[in-house]
Amino acid sequence: MQIVSSPLEMRAACKAYQRAKEQETIGLVPTMGALHEGHLSLVRASRQRCDRTVVSIFVNPLQFGPTEDLARYPRTFEQDCRMLEEEGVDFLFAPSPEEMYSPGSETIVDVPVTGGRLDGASRPGHFRGVATVVAKLFNIVQPDCAFFGEKDAAQVAVLRKMVRDLNFDLNLIVCPTVREASELAMSSRNRYLNEQERVEAKTLSRSLRAVADVVRQGERRLPVIRETLRETLAHSSLLKVDYADLVDPETLAAVEEDKLPAETLVAVAGWIGTTRLIDNCTLRIDGANE
Ligand SMILES: Nc1ncnc2c1ncn2[C@@H]1O[C@H](COP(=O)(O)OP(=O)(O)OP(=O)(O)O)[C@@H](O)[C@H]1O
Ligand SMILES: CC(C)(CO)[C@@H](O)C(=O)[O-]
Ligand code: BAL
C-alpha cells in the first residue's frame, strides 16, 4: 500500500494509473479513520468492484462545529494502516489539514436545502464541510466509484444531490450499515462510550426495529408509527434525542401525509452523555399490496 499525503502527488498517481490502464477502474472510500468493520465493508465492496482502491483518512475540520469534538476525535493511524494493508488497499491518501486546504483556499460547496435538514439542521455548516471535502477528494482521485455507508443516510442524500448537480462522472455506491451483535450501528464515536452508555446506545437501533416491526405487522398510519418511535426512544433515561424523523430518503423533507409512502427514511440521532450518535432504517412498502 502506498501512503500519499500531498493532493498533487495523489492526483498524479491516479492519473498515471488511468493513463496506463484505460480499461481499469478506481474505487474511492473516504473516511475519517479510527477504522472499524463498517469502514472495511466499504473497502471490500470497492475491492470487489474496482481494480484499484484508494482509501482516504482525513479528519476534516470544515465539517466540525466550533463546540464539537474535532480535537478529541479518535486518531488511530498506525492501526488503520495495518488494517488497510491487510485488506489489500492500493493507496492510502492521508493529507494534513494544511495540505488539503492550502492557504487562501475559500471555495465551498453548499447543498443548501437538503444539506440543511436532519444533521444539517442540528450541526449548522456540517454538510457544507462534507460536500466541500468530498468534492475535493473526487477531483483529486477522479474515481469511477465512490463508496459510502448507509449509516450516514443524510450524508448520502446530500452527496447524491451534489453528484447530480455538479455532474461528477462517477457511481456513488451505498453499502449497508454494519452492526455489532447488539445491533448498535458501528461508529468511530462508539469508542467514547462507557459500558453503561454502550448499553443505552442500543435504544437507537431498538427504536428502528420497533417501527419496522409495526409496519411489517401492517400499520400504515404515520401518527401511530411516529408514536412508536417516540415511545421506544423514551425508554432510555441517558439518551437525549436530537431528532427522530420520518423523511423522504432523497430530499430529507419530512413526510407530511397521514399514510406511509412507498419509501420512507426513519432517521434518529441523540446524545448519550457527550457522544452524539445516529442511526436509520428505510421502510419500503409495496404499493401493489396496499
Ligand atoms: N457501521 C457502518 N456500516 C457501514 N458504513 C459505515 C459504518 N460506519 C461508518 N460508515 C461509513 O464509513 C464512511 C466513513 O465514516 P466515518 O469515518 O465518519 O466513520 P463513522 O464510524 O461514521 O464515524 P463517526 O463516529 O464520526 O460517525 C462513511 O461513508 C460512513 O457512512
Ligand atoms: C465522507 C467523510 C469522510 C467526509 O469527511 C465523512 O463525512 C465521513 O467519514 O462520513
Ligand atoms: N460520518 C460522519 C462524520 C461526522 O460526524 O463528522
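The backbone N, Cα and C atoms fix where each Cβ goes, glycine too.
TrEMBL: automatically predicted annotations, no manual curation.
Record features (TrEMBL):
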BINDING   32-39, 149-152, VAL178, 186-189  ATP binding site
ACT_SITE  HIS39  active site, proton donor
BINDING   GLN63, GLN155  (R)-pantoate binding site
BINDING   GLN63  beta-alanine binding site
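Shown here: features listed in TrEMBL, placed on the structure.
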residue : record                    : contacts (Cβ under 8 Å, 6+ apart)
MET32   : ATP binding site          : ILE57, PHE58, VAL59, ASN60, TYR73, SER188
LEU35   : ATP binding site          : THR76, GLN79, ASP80, MET83, LEU84, SER188
GLY38   : ATP binding site          : GLY149, LYS151, THR177, VAL178, ALA185, MET186, SER187
HIS39   : active site, proton donor : VAL29, THR31, GLY149
GLN63   : (R)-pantoate binding site : GLY125, HIS126, PHE127, ARG128, GLY129, VAL130, VAL133
GLU150  : ATP binding site          : VAL156, VAL174, CYS175, PRO176, THR177, ASN280
GLN155  : (R)-pantoate binding site : ASP119, PHE127, VAL130, PHE148
Filter the recorded positions HIS39, GLN63, SER188 down to those with CB closer than 6 A to an atom of ligand 1; keep them in sequence order. HIS39, SER188
For ligand 2, which among the recorded positions LEU35, GLY38, HIS39, GLU150, VAL178, SER188 have a CB under 6 Å from it? none
Hits among LEU35, HIS39, GLN63, GLU150, VAL178, SER188, i.e. recorded positions with CB under 6 Å from ligand 3, come out as GLN63
Neighbour tally for SER188 (ATP binding site), based on other Cβ positions within 10 Å of its Cβ: 19
Where does LEU35 (ATP binding site) sit by DSSP, helix, strand or coil? coil
Taking the Cβ of VAL178 (ATP binding site) as the centre, how many other Cβ atoms fall within a 10 Å radius? 18
